[in-house]
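Quick notes on the structure that follows.
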Amino acid sequence: MLEFAEGQHTDRKTLFVEVILPLAIAINYTYRVPFEMNDEVAVGKRVVVQFGKSKMYTAIIARISEQAPEKYEAKYIMDILDAAPIVSLQQLQFWAWLADYYLCNTGEVMNAALPSALKLASETKIELNKEYEIDRNTLNDREYLIVDALEIQPELTVSDIAKLLGQKTVMPILKLMFEKNIILISEEVSDRYKPRMRTFITLNPVYRDPDQLKELFSILEKRAPKQADAVLAYIQLSRKQKAVSKNELTEASGAGSAIIKSLIEKEVFFAEEKNVSRLQSGDDELEANFELSEAQLVALGEIRQEFEGKDVVLLHGVTSSGKTQLFIRLIEEMVNSGRQVLYLLPEIALTTHIVERLRKYFGNAIGVYHSRFNDNERVEVWQKVLSGQYRVVLGARSSVFLPFSNLGLIVVDEEHETSYKQFDPAPRYNARDAAIYLGNMYKAKVLLGSATPSMESYYNAHNGKYGFVELTERFGGVEMPTTEVVSIAEETKKKTIQSHFTSVLMNDITTALANKEQVILFQNRRGYAPIIICKVCAYTPKCINCDVSLTYHKSSGKLHCHYCGYKEESPSVCPACGSTQLEYKGFGTEKVEDELKLLLPEARIARMDLDTTRSKNAFQNILNDLDEHRIDILAGTQMVAKGLDFAGVTVIGIISADSLLKYPDFRANERAFQMLSQVSGRAGRRGKQGKVVIQTYDPGHRVIKQVIENDYVDLYNTEMTERKSFKYPPFYRLIQLDIKHKDPEVLYHQAEYLAKELRKHFDDRVIGPEYPLVGRIRNYFIKSIMMKFEKDGISLPKVKATIKDVILQFNTTKLSKGSIIQPDVDPY
DNA sequence: AGCACGCCGACT
DNA sequence: GTCGGCGTGCTC
């Protein structure tokens with residue numbers, strides 16, 4: 001690789017750059033650098049290149065060379081977008097690793113990594129040719145439609161037209177119209193990042209003189225009293241804040257913008273356009289003083305000690321043991337030593353909560369980054385990390401892609417959370433694992449924190465690969481809650497159960513309400529009833545895309561698919577046989593809420609699940625309501641379990657643990673343990689021990705016992721042995737329309753199963769592939785793996801290599817619809 | 001990702 | 001016959 005010092009003259013050389021294109025393409029493409037740009041090219045800068053017939057893309061320079069490509073003529077780069085690289089060499093290394101590890105292309109990683117405002121791609125625009133007089137009689141139906149649409153909306157894209165005509169191939173039609181001069185086709189590139197501009201108002205300094213000001217008022221009051229009001233409003237505002245924006249002034253004075261405008265014309269006010277940040281900054285005073293408990297201090301010492309020998313440490317701390325405070329101390333140390341810190345969180349919802357806490361300690365040196373930020377905001381965070389203005393970044397999984405320069409510490413909070421894993425578009429990465437690689441690259445320490453660590457991290461800690469620190473005491477002397485397991489079967493027999501609520505749970509709820517305490521009920525299913533079945537013909541409505549049973553939602557009166565979001569009207573008679581005997585089986589949060597309202601009409605009951613938190617502030621509003629005790633009972637899905645402390649909640653009811661325990665995949669026990677202990681962990685507060693009621697048909701289940709005793713070690717040991725003999729049904733849960741799981745771990749697992757079938761001996765086993773199989777795998781995908789296995793034999797490295805081979809081949813090959821394997825066993 | 005080219009079934 | 005869907009290959 002060649003590097004050029006700034007300003008050095010390299011005119012005579014012809015340079016070529018290899019660039020990463022933001023596409024799913026296997027290799028980097030080479031472009032030629034025009035002489036006048038020789039001094040400006042540098043690895044990590046963005047360039048605009050033409051790729052294919054007419055498309056323009058933003059690409060990143062990955063390599064510079066003097067070697068002209070032999071087999072083809074390189075096109076010229078069209079433009080260099082950056083004065084300084086926006087991506088570092090380390091980031092490029094990280095991208096390459098990620099692409100290799102998760103079996104995808106660097107371009108796909110680039111796509112995930114860069115905020116889309118930094119990636120400008122051209123778009124094909126269709127317009128009417130104004131030079132041309134259209135004779136409508138010569139147009140055919142489709143041309144007529146297109147011309148009609150263009151008269152309403154002057155610019156359309158190719159996909160707009162495809163939608164308009166209801167067909168997929170439109171290019172030939174457009175080309176013909178272009179040749180007939182009816183339309184124009186052009187490529188348009190637009191820079192999408194726009195700084196936010198605000199107009200700020202200042203008072204003409206002349207009026208700092210009180211006499212002048214008095215005179216101004218006396219004139220204005222007579223001739224333009226509204227203008228006088230505006231000036232007055234300005235003076236009041238400017239006392240409170242440093243700068244007054246035009247918007248604030250119009251709002252405060254109640255004056256229209258015409259009034260402000262005339263004051264600006266009279267030069268009473270000066271207006272000035274300023275670039276303002278969209279990012280919220282904390283004005284809170286810094287208060288860095290809090291005392292760590294004895295147990296926390298011990299743990300902190302241990303973490304430091306472990307970090308001397310290990311790069312990754314797993315902190316296993318029970319719920320509300322004050323892990324966050326430990327993190328803050330460590331972050332503080334790191335920031336003081338001049339290095340950057342990345343604090344990863346699994347969900348955006350958690351950020352607001354913790355940002356508030358962290359802002360108190362780190363003020364404006366802390367940045368937040370997650371997918372709910374719009375593009376412009378993301379670019380601003382990117383730039384602030386790049387410039388080093390942000391010392392601490394708090395964010396969701398995508399923040400591993402930010403341009404850090406001297407990262408010293410990465411904290412991965414709630415390490416076990418599955419939302420660290422990206423599923424849908426490639427790269428299908430797990431941010432926790434990526435963070436470990438990132439840490440290694442930057443020589444930074446990585447701290448994984450969890451109350452219920454994942455099997456794989458625990459395994460690594462167990463084997464000495466990671467350091468391990470425990471925190472077994474709740475912070476502030478809050479006791480661990482007591483837990484009672486209630487048999488639903490028994491209460492049903494004794495007829496003491498009302499609806500889905502056992503007498504034990506009802507008692508605890510009513511007692512809590514009488515004491516003005518709050519209750520959380522957990523049911524891990526949303527909607528009203530997950531299955532509808534016809535009593536006559538046993539017909540069950542299923543999703544047309546996913547082949548899973550549709551859930552009845554009472555609030556919408558519709559049947560919803562929880563996999564893909566498909567909805568249809570709820571039938572009143574059986575669509576198959578016409579019978580009216582439709583049975584609603586099972587129950588979700590809607591039903592829990594509904595029935596409880598009947599049983600306890602006085603109580604204020606709310607529900608928290610995906611359906612009630614869809615709107616922007618709904619989640620926060622429910623939390624506030626709970627916080628300020630406008631809610632007595634909150635029924636919800638796992639959302640109620642996620643990392644939030646509710647001060648007034650003393651009773652937690654798990655309506656049915658069985659849906660967790662019977663969940664048919666091999667990570668079910670681990671997940672059930674996590675879920676149950678997380679929910680339980682919310683019970684209790686200072687001076688009042690919490691109570692957890694677990695309702696179940698299977699009170700003797702080992703996971704329930706492990707949860708009650710908080711015996712993680714036992715869970716780990718039993719899982720490690722039981723998983724080795726886990727039996728997979730043939731083509732276990734292979735539903736879904738694409739090869740989604742290109743994860744090495746998952747594939748490895750898949751291959752493992754297939755290999756077992758083929759050779760009947762294969763006993764080495766990875767613990768915990770990250771995810772259960774949820775894909776309907778294409779026929780010949782499996783066939784190719786099998787064929788290759790037959791050919792290559794079955795050693796471990798060979799299995800891995802084979803899979804990689806097959807997958808990379810499949811990445812660029814689309815498979816036909818006809819070759820879908822029907823699952824032999826479908827657990828739904 | 002887009003786009004061109006070529007094959008093949010389903011319509012005027 | 002021809003049109004449009006779909007598979008395949010290529011883009012520096």
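Using N, Cα and C of the backbone, Cβ positions are placed for all residues, glycine too.
The domain 'Helicase ATP-binding' annotation in TrEMBL covers A:304-471.
Neighbour count (other Cβ atoms within 10 Å of the Cβ, all protein chains): 21 for A:Cys534 (Zn(2+) 1 binding site). Per TrEMBL, the feature Zn(2+) 1 binding site maps to A:Cys534, A:Cys537, A:Cys574, A:Cys577.
Under the DSSP three-state reduction, A:Cys543 (Zn(2+) 2 binding site) is assigned to coil, being neither helix nor strand. The Zn(2+) 2 binding site annotation in TrEMBL covers A:Cys543, A:Cys546, A:Cys561, A:Cys564.
As a whole-number mean, the pLDDT of the domain 'Helicase C-terminal' (A:569-726) in this prediction is 85. Taken from TrEMBL, the feature domain 'Helicase C-terminal' applies to A:569-726.
The record gives A:Cys534, A:Cys537, A:Cys574, A:Cys577 for Zn(2+) 1. Within 8 Å of the mean position of their Cβ atoms, the other Cβ atoms in that chain belong to A:Lys535, A:Val536, A:Ala538, A:Tyr539, A:Pro575, A:Ala576, A:Gly578, A:Ser579, A:Gln581, A:Leu582.
According to DSSP, A:Cys534 (Zn(2+) 1 binding site) is assigned to a strand segment. When the binding-site residues A:Cys537, A:Cys543 are compared by the number of other CB atoms within 10 angstroms of each CB, A:Cys537 has the fewest.
DSSP gives A:Cys561 (Zn(2+) 2 binding site) a coil state; it is part of no helix or strand.
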